[in-house]
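What follows is one structure encoded as structure tokens, with my remarks underneath.
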């Protein structure tokens, strides 16, 4: 009874969802799932925790600190899922009869990161993933994934830029620049910060990580290039040193093929090539991509980071070796993950102070059933129940006051926003009738008592009116 | 690379959901959510874990062993939610502006119990909860909850019995029988096993818990009674010793009121009164209820437990003191929780051996886009992409082979089960046309080449055909 109220909260980096926020979130899910289904996606649902060793060594150097583990209470050691990709790979590896699949999953994932709720960065957050698994001709599934990306943001009405790069081009660039093979992943994660830090800071990090000044500058020269896909392919091909590297050549071939497929889809303009894009996760092996909000054409204010404050809102890539890491057969995969909480932050209408004070819990009702009578009136609760049950049985959304003898005003207040009211009175009921009233939001008809309907016809009448009003 | 394949599994008591199982589960969710919405329910979503102290002391003597804790990685101590009721109570306590609400939540909960997957008993399982919070006239919300129960099982097509009891009647019975006040909860949990154990075993447990033989027999005499609600009320009222107990009297008044409301809803026959029903959870304070499958009228086999093998498939009750335990204002609540995994086990069609070998991942496609040509044929991949993108943009679910030069047979195989095919050929494309073919599942028309459609009219034609076929 005397617990401090400070405990009355959700854990750090988590939140409750209710009312308009939940409705908006669900509508984003629905929009995205529709696109996934349009592309032949089938849904998968996996447990919220996995065996700890399933997750181990899949995510990169920061992951061990960021993964939520369950307490050892005897039995298996488990951890909360960190993304939806590793559970999908585990499922593929365990189900030998699945060789080709487009699967999607919309679910919560968990990262013990520093939360920034205003920017949609939470510790419990949602991912919407679409992945294509199976051996296919090169870059055909990759192109479809990018098409899914474009269609999702078209459907959400958000202008975005899809930045792509290729792990083999990146590895080749590093090798040609003189980065030792064992430093490539770590230099790669420094380069990945170029969208948030100036070059000078990134260079310092590289020097700290043991690169010579000369090598660091050469890396800088290579990775600070970005532009249209075809244009960047020309740049890369023009350099004899780069073109001599096998990884770069293989990457160029992939991206060239991809460019022709993007052209066929008519989405080439939405995609740009960014040599600094590296992605943190260890499991990527080919094409990688990231989606950011389109920068405004003309800076509207001094804050040029405005559109990039939430960071990437979708990201993914090809991971051909992950499934094989589980010791069974390898299955090449490519996929995309949409960060719904960040998308939610962008789509959420600006806070309205008046709205804040109204209840966050709104009902969607078709009918409010009330009773009005004279002095001797007993509230007609049993009759309100019986009539409402008639409506419920017919699938109509209805409520009545839970008071035995509710006052007329209380009932009219409770019916606000509900399109129809059924009004019971002793005399009407005696004649087998009820009153049915249509609320016209903007009309002055407060004294309209509604029209009489036979009780037996009520359900049909209500259904007819609802068809008309929706 | 050499990990043992034994690790390729989900954690004990958890499972993946995909294909037909997932579709059935989602349809159960939808059916239940429709009923919740019909009753004015608003959805709430809470984090999968709560602060450990929010959960502590709410569930009963077994809970500490059964709750999943997160490992202490610094910061707050958290545990996975054990049900959806306590998170709802925490949310109510924390949101002072919410005084009355009907909320529903469909989500996974976690219990480290011994799993029995065939009977739908898992460690990660789903609950569908509907609760009415707020001060209302007595038993009006309780009656609506029971109406929700009846409507859900009507909608699912399952014949059930709703067993009710009242904590105050039970406490009164125990007191009159001579059970010491400090043993009531523990004797209560022994009594609750009467649906799974014979009276002799339950009595032994009571004696072990320190009851005298005489008191135990008196408890047995009282609690082994069950029957129709009105009939049982008469039995209780007829006993002068019981009627003299204040708790019993208060419970009888509640149940009498409830009976009249159930009558108004026309659902009195679905409800029975069972004095042995006790429910394990600590937080119930008034009416309690549990739903079991209806026993077959005539035993079909020697196994009379057949219909009760899954145990209760929904349960709930009134908990007026839980919200107040968080040190803010008290809010009386009553609610029901549907055990969807057990309902799923009952509704799932018997395993079909042939179906086992088929892929568990089925697509729902509208159109398959293919290309067929002669010897010099290049597969028309770019053209298949462009045409499919046209369909996707119009919201049509479509796929094509990811091969550059797919064989006709491969493509026809991949189109199995898809209602429409768009067939591209070099000559037709040159004339701005494609072939559109409708698959008639049972017709012998394998040689029907489809009819020619102008490429520009394709989307409209496909939409017209889909409207016709669905």
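For all residues, glycine too, the Cβ spot is worked out from N, Cα and C.
Annotation source TrEMBL lists domain 'Aminoacyl-transfer RNA synthetases class-II family profile' at A:1-360. The feature L-histidine binding site is assigned by TrEMBL to A:83, A:84, A:85, A:111, A:127, A:131, A:279, A:283, A:284.
What TrEMBL annotates, mapped onto the structure for a quick look.
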residue	record	contacts (Cβ under 8 Å, 6+ apart)
A:83	L-histidine binding site	A:59, A:109, A:127, A:129, A:281, A:337
A:85	L-histidine binding site	A:129, A:131, A:281, A:283, A:319, A:322, A:335, A:337
A:279	L-histidine binding site	A:192, A:288, A:290, A:315, A:317
A:284	L-histidine binding site	A:167, A:317, A:318, A:319
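Mean pLDDT, taken over the domain 'Aminoacyl-transfer RNA synthetases class-II family profile' (A:1-360), works out to 89 on the 0 to 100 scale. In this structure, residue A:83 (L-histidine binding site) belongs to neither helix nor strand by DSSP; it is coil. Across the residues annotated as binding L-histidine (A:83, A:84, A:85, A:111, A:127, A:131, A:279, A:283, A:284), the two Cα atoms farthest apart lie 21 Å from each other. Residue environment of residue A:127 (L-histidine binding site) contains 21 other Cβ atoms, counted within 10 Å of its Cβ in all protein chains. Secondary structure at residue A:279 (L-histidine binding site), taken from DSSP and collapsed to helix, strand or coil, is coil.
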